[in-house]
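Visitor: The Zn(2+) binding site feature in Swiss-Prot is assigned to His57, His59, His205, Asp294; the stated evidence is sequence analysis. According to Swiss-Prot, the substrate binding site annotation covers Glu86, His178, Glu208, Asp294.
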Amino acid sequence: MILVKDAIINGKKQNMLVEGNIIKKIGNISNSEVSKDETEIIDGKNCVLIPGLINTHTHVPMSLFRGVADDIPLMDWLSGHIWPMESKLNEKIVYAGTLLGTIEMIKSGTTAFNDMYFFLDSIIKAVDETGIRSTIAYGMIDLFDEEKREKELKTARESLEMIKNLNNSRITGALGPHAPYTCSKEILESTNALAREFNVPIHIHMNETLDEINQVVERTGMRPFEYLNSFGFFEDVTTICAHCVHLSDSEIQIMKEKNMFAAHNPVSNLKLASGVSPVLKLLENNIPVTLGTDGCGSNNNMNLFEEIKAVALIHKGVNLNPVAVTAKEAFEFGTKNGAKALNINSGEIKEGKLADFVLINMKKPYLTPKENIESHLVYSFNGVVDTVVIDGKIVLNAGKMVNIDEEKVYELAEEAYFELAK
């Protein structure tokens, strides 16, 4: 059991009892409800307790790519810098990068993430050790080559079977075809079939740049969402579409009809000058918006509080509308909506929800006066949290990682980067 005492929970000072990995009770808790010998006490005095943040689009091992290629367009960034470095990846490098990235996420209040990358054994090992929650997909790219396609699909299937056999509720699988401009029709059709077979979501990059959209139009005569919809890619599956920057009205209608989730990455899209997603149109069509950081190579951090602030500000400015995205909506993009997208019973602090939560010390200049804490968490907070509980276990205590030696991880990360950069 965990007993949180005297924290600000849902707007008022109260206690919260966790039993196993579930929030059992919020409010007044009697001594008879608590097993003294088996209960960890968290002093919530001067703290606000919030649901853990959920990052719905990232490439966690790319924490090692931080700062390697700034201030260039996406295609130059990929072909000139990222893909050449990724050709040097190995299990050791991905493990170090994942450890580094998960520590960064936990220490900034993220309790779950949706990832697409390579060397999944190494990602899973790091996720298991740090205690974070994750949905993981092998990133498939066949570049329209049949031999490559068969290898990618084989690896994807093996990855899903491996994750299923873990029988770990914190680690779930997904399918991750990279994008319509890097994947053949055949691999995309097979992706849908695999997703239905394993009952997992599809995680895919969609309409990030004008250039990639033009590539798909030139090859198929249709825009990306129209093209994928023409052969049933979105049928009977949950699809999490990363970016969604340049969308036609017909594509928005397809997203609405097929109940898709948009994973908005405002900071990455701004840094790569990709554009700004039409979030207001998505909301008008009841398309759920979630938030992602993307990888550190294009952000350059994994602090989801920055995305929450960015989404609240950008759409006000672009639309000349001060209520375009409210603070409440922005916060829910990073919590409640992300939980729905990844089918996690969290994103809110309620009895019966998973015990994935964060405590933040309000005795900070940027969180004062505390009476306006809901505003501060969106507009003035820097993301430095005090305590993180995931799946009913304390993984960050007073700002210190519980399961991992941080100093050793930083050493591993420096060694891994040296190997990547040489």
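All residue numbers here begin at 1 and follow the chain in the order shown.
The backbone N, Cα and C atoms fix where each Cβ goes, glycine too.
These numbers come from a predicted model, not from an experiment.
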Visitor: If you pair up every Cα among Glu86, His178, Glu208, Asp294, the residues annotated as binding substrate, what's the maximum separation in angstrom, rounded to an integer?
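Guide: It comes out at 20 Å between the most distant Cα atoms.
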Visitor: Of all the binding-site residues here, Glu86, Glu208, which one's CB has the most other CB atoms within 10 A?
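Guide: Ranked by Cβ atoms within 10 Å, first place goes to Glu208.
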Visitor: Given the binding-site residues His57, His59, His205, Asp294, which lie within 10 A of His178 (substrate binding site) by CA-CA distance?
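Guide: The binding-site residues close to His178 (substrate binding site) (Cα within 10 Å), listed in sequence order, are His205.
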Visitor: Name the residues of the same chain, 6+ apart in sequence, whose Cβ is under 8 Å from the Cβ of His59 (Zn(2+) binding site)?
Guide: Asp115, Met116, Tyr117, Gly139, Asp294, Gly295, Gly297
Visitor: Tell me the coarse DSSP state (helix, strand, coil) of His205 (Zn(2+) binding site).
Guide: strand
Visitor: Please identify which of His57, His178 has the densest Cβ environment, defined as other Cβ atoms within 10 Å, among these binding-site residues.
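Guide: Checking each of His57, His178, the winner is His57.
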Visitor: According to DSSP, which kind of secondary structure is His57 (Zn(2+) binding site) found in, if we only use helix, strand and coil?
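Guide: Assignment for His57 (Zn(2+) binding site) reads strand.
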Visitor: Give me the long-range Cβ neighbours of His205 (Zn(2+) binding site): same chain, 6+ apart, Cβ under 8 Å, in sequence order.
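Guide: The list for His205 (Zn(2+) binding site) reads His178, Ala179, Cys241, Ala242, His243, given in order along the sequence.
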